[in-house]
Amino acid sequence: MLQSIVLSVCMFMLHTVAASGPQSYQKLDFTNVGFTGSYVDVNKFKDITNNESCTCEVGDRVWFSGKNAPLADYLSVHFRGPLKLKQFAFYTSPGFTVNNSRSSSDWNRLAYYESSSKTADNVTFLNHGGEASPCLGNALSYASSNGTGSASEATVLADGTLISSDQEYIIYSNVSCPKSGYDKGCGVYRSGIPAYYGYGGTTKMFLFEFEMPTETEKNSSSIGYYDLPAIWLLNDHIARTSQYPTNANCSCWASGCGEYDIFEAMNGTEKNHLYSTFHTFQGIEDLGTGIQSYGYITRNTTGTMKGGVVFDSSGNVVSFISDATPFNGTVSADTVNDLLAAIPENETYSSQLMSISATAPSTTSKSNGVALTKMQNGVWYYILAIFTAFTQVVLI
């Protein structure tokens, strides 16, 4: 009976919100980000070039906890065309809270790319140009200067490089991984690949200057993401093992090690709407759909966009677009908070993630894993999300 009432209310509110549709914003906020949970990582590859026996084995559960978890781990930065990258910067801070500069510290830039000068500090461009595997897909390789070809060594992306629909490249740091191994710093990864760490820390900021022009090439059935550009973050283990596996055991992604889409065009009917989405199990069962902001950022197809994402120390994650985005070596806490505060409330969409409780066992193994989400938790997440969207529509 209660479930029927809940679903009826959900349908009514969803109909009301859907009638108006998602709105355009300059800033997409998520609060209460981070929970205690676990995922399974790849422990062993087997026969990775054999069509019949290619497979992967997973190890014990890896537990995580705290603000922004599991995205407090090392992350790689991914780009899909049509896109032209002009600047990229990664920052960390000893402590930063959105809207509270008094208790926040400045941001220090630890990685930087600028296209016209070909500056590339602590940046390595990779793509999926390596050896093919029937269960793992293509391995990582160094990207050539055009982003899509392969190179024999680390190469800086050329100025003005435009990648087309479906084409991707990745940015990792220039810090080399230790030897492949389940208990090593980078986990198990494929032999022969250029293996680097991503960018870590609970409190971090990724900034971008970029273009997302309308695709000029003709569409075809071989293009999976036609005119759907994106910038997103993945747990850095994923691409080193398999970003696009045919076997779910060949990547920690399916068990929830972490993805955050900063700016992503989701489908052809909304190709100029850039959404932010969490692909974690923080209150939802459908990892593929994820936890998406109901609002979107408008894609500028004729000019340059500046913006990025802030992961603060208190579990707030903010995607934003602003022409005032700085790329200095040091950015003060006041500068970041003033930039975010300058975006009006009616240009801000806020979502709160669910609180999830789980306790890591004293000894962990695959059999000790717990179900992190229940059906009722998923229902309550949708109620909260729909209610938030309904409230936003009423206030506009």
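Just so it is clear, glycine is given a Cβ too, placed from its N, Cα and C backbone atoms.
Copied from Swiss-Prot, the annotated features are:
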- 1-19: signal peptide (SIGNAL)
- Asn51: N-linked glycosylation site (CARBOHYD)
- Asn99: N-linked glycosylation site (CARBOHYD)
- Asn122: N-linked glycosylation site (CARBOHYD)
- Asn146: N-linked glycosylation site (CARBOHYD)
- Asn174: N-linked glycosylation site (CARBOHYD)
- Asn219: N-linked glycosylation site (CARBOHYD)
- Asn249: N-linked glycosylation site (CARBOHYD)
- 259-264: motif 'ExDxxE motif' (MOTIF)
- Asn267: N-linked glycosylation site (CARBOHYD)
- Asn300: N-linked glycosylation site (CARBOHYD)
- Asn328: N-linked glycosylation site (CARBOHYD)
- Asn346: N-linked glycosylation site (CARBOHYD)
- Asn368: GPI-anchor amidated asparagine (LIPID)
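Of all the glycosylation sites in the list Asn51, Asn146, Asn249, Asn328, Asn346, the shortest Cα-Cα distance to Asn99 (N-linked glycosylation site) is found for Asn346. Mapped onto three states, the DSSP output places Asn249 (N-linked glycosylation site) in helix. Put simply, Asn328 is the one of the glycosylation sites Asn51, Asn219, Asn249, Asn328, Asn346 whose Cα lies nearest to the Cα of Asn174 (N-linked glycosylation site).
With a 10 A radius on its CB, Asn146 (N-linked glycosylation site) counts 16 other CB atoms from all the protein chains. Here the candidates are the glycosylation sites Asn122, Asn249, Asn300, Asn346, and by Cα distance the one nearest Asn146 (N-linked glycosylation site) turns out to be Asn122.
Closest by Cα distance to Asn219 (N-linked glycosylation site), from the glycosylation sites Asn51, Asn249, Asn267, is Asn267. According to DSSP, Asn346 (N-linked glycosylation site) is assigned to a helical segment. Within the same chain, residues at least six positions away from Asn249 (N-linked glycosylation site) with a Cβ under 8 Å of its Cβ are Val40, Val42, Thr55, Cys56, Glu57, Val58.
Checked against Asn300 (N-linked glycosylation site), the glycosylation sites Asn51, Asn122, Asn328, Asn346 differ in C-alpha distance, with Asn346 being the nearest.
If you take the Cα of Asn328 (N-linked glycosylation site) and the Cα of Asn51 (N-linked glycosylation site), they are about 49 angstrom apart, rounded to a whole number. Here the candidates are the glycosylation sites Asn122, Asn267, Asn346. The one whose C-alpha lies nearest to that of Asn51 (N-linked glycosylation site) is Asn267.
Between the listed glycosylation sites, namely Asn300, Asn328, the fewest other CB atoms within 10 angstroms of a CB are found at Asn328. Residue pair Asn267 (N-linked glycosylation site) / Asn346 (N-linked glycosylation site) shows a Cα separation of 25 Å. Each residue contributes its Cα atom, and for Asn122 (N-linked glycosylation site) and Asn346 (N-linked glycosylation site) those atoms are 37 Å apart.
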